[in-house]
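Please read the structure below before turning to the comments.
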Amino acid sequence: MKYGIVIFPPKRIQDFANSYRKRYDSHYALIPPHITLKYPFEADEEQIKKMAKELRRIAAETPPIPIKVTKFSSFYPTSNIIYLKVEPNDVLERLHEQLHSGLFAGKPEFVFVPHITIGRDLPGAEYADVYSQLKLQDVHFEETVDRFHLLYQLENGSWTVYETFIVGGKETV
């Protein structure tokens, strides 16, 4: 089965992202706005139980996670993805590192650029038009989150929560 590890930002950031995603993101119906900590990976039930135990340990040692969204940006020319830039910070960086070492070993597929995707699969001309407008907008959110999530992918391609991990030593939901 395919799994991934993400942070869901607070509701007001999700609502802001969704106001764009519903028009520009082909994955809008498959997963809520999120910050990817570990890209999708395959694991069996035994592996995922061990990983969930390790994620509980990591969560217990992780402080609340600051989320600061500062602007629209893009991965162009690598891809036509438009996103909300989440400023890197020590907590996010450390969490990302922990999710790519030990039991989770494996070099990350991409350099860690914390972000919330709001547009993908846009044809070149539409991408250029949309991004040229969005990059001029003023964006500023500062929030703190207290959890991250292990997700699994359903047969229809959508993602659902397998387990939620509360940071700072609280019990899991």
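Keep in mind that glycine also has a Cβ here, set from the backbone N, Cα and C atoms.
Record note: among 14-17, 34-37, 50-53, 66-69, 34-37 is the stretch given as motif 'HXTX 1' by Swiss-Prot. If you take every residue in the motif 'HXTX 1' (34-37) and average the pLDDT, you get 97. For the recorded site, H34 (active site, proton donor), the DSSP three-state label reads coil.
All protein chains included, H34 (active site, proton donor) registers 21 other Cβ atoms within 10 Å of its own Cβ. Between H34 (active site, proton donor) and H115 (active site, proton acceptor), the C-alpha separation comes to 8 Å.
Look at the motif 'HXTX 2' (115-118): DSSP puts its residues at 0 helix, 4 strand, 0 coil.
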